[in-house]
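J.: Sharing the features that TrEMBL gives for it:
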type	residues	note
ACT_SITE	B:52	active site, nucleophile
BINDING	B:110	substrate binding site
DOMAIN	B:8-104	domain 'Pseudouridine synthase I TruA alpha/beta'
DOMAIN	B:143-246	domain 'Pseudouridine synthase I TruA alpha/beta'
């Protein structure tokens with residue numbers, strides 16, 4: 001039987017999602033709990049995709065296979081009782097054997113929060129990107145529209161990416177709204193490359209500062225060269241907001 | 001020359017304000033920076049009062065004496081450049097030699113935030129008290145009024161308090177407002193005893209649950225017995241909001 005979980009985590013004390021030799025990871029913590037529940041048997045979990053160190057999730061999705069037969073509410077209660085308090089399982093559903101949290105993704109949504117004020121806020125330092133310089137929000141909003149649609153995102157993904165194959169992705173929404181002193185960026189798309197959201201945000205902030213023009217984005221796409229885009233925005237402003245599957 | 005600083009800190013990674021043998025403290029971090037600035041000379045800082053492990057501050061005030069002559073803006077810049085990112089100096093003022101951050105306090109304000117929802121929020125776990133049970137807010141608000149004025153707060157302070165002398169304090173405001181799923185408690189008074197705000201909040205939450213009646217508070221004051229009051233609410237919901245001095 002497969003179990004599908006929707007979870008949130010505060011990324012600030014994790015060395016990312018994926019299990020690794022050193023460092024505390026989301027996968028490591030969840031698999032540790034599943035091993036206890038399964039009396040020492042190792043259970044592998046599969047996420048919709050990894051998140052980097054410091055990146056947060058409100059709607060990450062994982063699945064795992066188990067021979068344990070528990071009601072959905074009991075899975076939720078058992079997992080939350082044993083997990084550390086920076087991971088929270090929001091929902092558990094029984095899934096078909098064919099379900100795969102990564103391969104079945106229809107759409108993903110990320111949000112990125114920039115706090116555009118001079119003085120930093122100690123309570124937000126791990127949860128927003130503090131950006132103290134003046135920004136032209138209208139220029140950023142104009143630039144957002146250039147990212148919507150199907151594009152080869154080579155320029156806007158990490159050159160370190162190990163992903164083989166096409167770097168063509170389709171974005172359904174790229175938007176920026178101002179709420180008080182915060183800029184909230186929303187990205188919805190069929191899939192995202194390594195560091196893609198953070199590189200786009202870094203580029204949009206340079207446009208907001210007047211260092212680049214929105215009209216130059218089509219040329220950046222054509223260049224297929226990561227070095228032509230802006231800096232990678234820091235991880236703490238990024239949230240994996242929602243993962244959408246076919247069953248919805 | 002005396003220097004007065006107003007600062008905020010995120011208490012979640014500190015073992016409290018006051019320096020101690022083990023554990024990271026706000027005082028320890030600030031004195032370390034001051035020692036560097038003063039080329040190895042130890043500089044003692046004096047706060048308006050201590051805060052416990054996990055308690056936050058938006059408007060803590062400290063002073064220290066120095067022979068260094070720097071402009072206020074330069075002190076602020078130098079301190080913030082060297083301090084860790086969970087402490088932020090919001091303002092620096094030159095103060096008279098007679099000024100003392102603790103003895104000259106006229107009024108202090110604390111806020112306490114309760115998040116009254118069933119499901120915990122991983123992003124708030126260090127910044128609010130998550131309280132999943134139903135609360136009668138009107139009963140809490142009625143009970144708040146009983147704490148206003150001059151009272152002997154022995155029942156509502158830690159029995160472990162080492163404070164000698166009178167436990168009589170005057171509260172100018174005790175209020176509770178509802179904002180979405182949060183209850184925000186405000187306490188303004190001439191001074192506060194050890195754990196006083198947290199014990200009052202713990203008692204108010206029991207009243208909100210119907211375990212006690214607002215009308216019983218006068219009797220609790222008379223008993224002068226910590227064991228008769230409610231549980232001490234946890235530190236992460238508590239914020240030292242503002243310290244007021246005569247010069248304002």
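Backbone N, Cα and C atoms are what each Cβ position is placed from, and that goes for glycine too.
All TrEMBL annotations are machine predictions without curation.
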J.: Taking only the Cα atoms, work out how far the residue listed as 'active site, nucleophile' lies from the residue listed as 'substrate binding site', in Å, as a whole number.
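T.: On Cα coordinates alone, these residues lie 13 Å apart.
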J.: Can you check how the pLDDT averages out over the domain 'Pseudouridine synthase I TruA alpha/beta' (B:8-104)?
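T.: Averaged over the domain 'Pseudouridine synthase I TruA alpha/beta' (B:8-104), per-residue pLDDT gives 96.
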J.: DSSP helix, strand and coil counts for the domain 'Pseudouridine synthase I TruA alpha/beta' (B:8-104)?
T.: 26 helix, 23 strand, 48 coil
J.: Let's check the environment of the residue listed as 'substrate binding site': how many other CB atoms sit within 10 Å of its CB?
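T.: Cβ-Cβ neighbours of the residue listed as 'substrate binding site' within 10 Å number 23.
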J.: For residue B:110 (substrate binding site), name the DSSP secondary structure in the helix/strand/coil scheme.
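T.: Once the DSSP labels are grouped into three classes, residue B:110 (substrate binding site) ends up as strand.
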J.: Per DSSP, what is the residue tally for the domain 'Pseudouridine synthase I TruA alpha/beta' (B:143-246) in helix, strand and coil?
T.: 35 helix, 32 strand, 37 coil
